[in-house]
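Colleague: These came from TrEMBL, pasted as-is:
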type	residues	note
DOMAIN	8-137	domain 'Casparian strip membrane protein'
TRANSMEM	12-34	transmembrane segment
TRANSMEM	40-66	transmembrane segment
TRANSMEM	78-108	transmembrane segment
TRANSMEM	128-150	transmembrane segment
Amino acid sequence: MKEIIGGPGTVTGLALRIGQCSFAAASVAVMVSAKGFANYTAFCYLIASMGLQVLWSFGLACLDDYALRRKRNLHNPVLVSLFVVGDWVHCSLLSLAAACSSAGVAVLYAKDLKFCTNLPCSRYEISILMAFLTWLLIGVSSHVMFWILASV
């Protein structure tokens, strides 16, 4: 079977998962370092979503690393189906919803209500940017997994 760039068990797949994990962890770290984030539900939702993304991506990065070291093929239809469901339903939709809701709250506070004198809005915005970058990498993984599932 032809090796697809970004597929499971490939170097590019491992790089995508490490990127997802890193950006999600950075999003969590920046948001947690901002004062008062816990008072806003959208930001708590972002933390929960990115925390789950860190766990999912780290687990799949470990699986990719194992497959690379042992030279195993991860293109089993059941395994790829699990990756597709996890990437699309769990991570992609959840991460996009969290990033968009947090961005909406940040724009409301910064532009409309002028709350940024009391809040660290720049940290919120950086965290949201990291969440969108995470989602972008998840989108690439989801797309690749869909095509692999169609070919198996």
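Positions of Cβ are set from backbone N, Cα and C atoms, glycine also.
Automatic prediction, not curation, is the source of TrEMBL annotations.
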Colleague: Which sequence positions outside the transmembrane segment (128-150), separated from its termini by at least 6 residues, show Cβ-Cβ distances below 8 Å to it?
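Modeller: Sequence-remote neighbours of the transmembrane segment (128-150) are 4-8, 13, 16-17, 19-20, 23-24, 26-27, 30, 46, 49-50, 53, 75, 77, 80-81, 83-84, 87-88, 91-92, 95-96, 98-99, 102-103, 106.
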Colleague: Of the residues in the domain 'Casparian strip membrane protein' (8-137), how many are helix, strand and coil by DSSP?
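Modeller: Final tally across the stretch: 112 helix, 0 strand, 18 coil.
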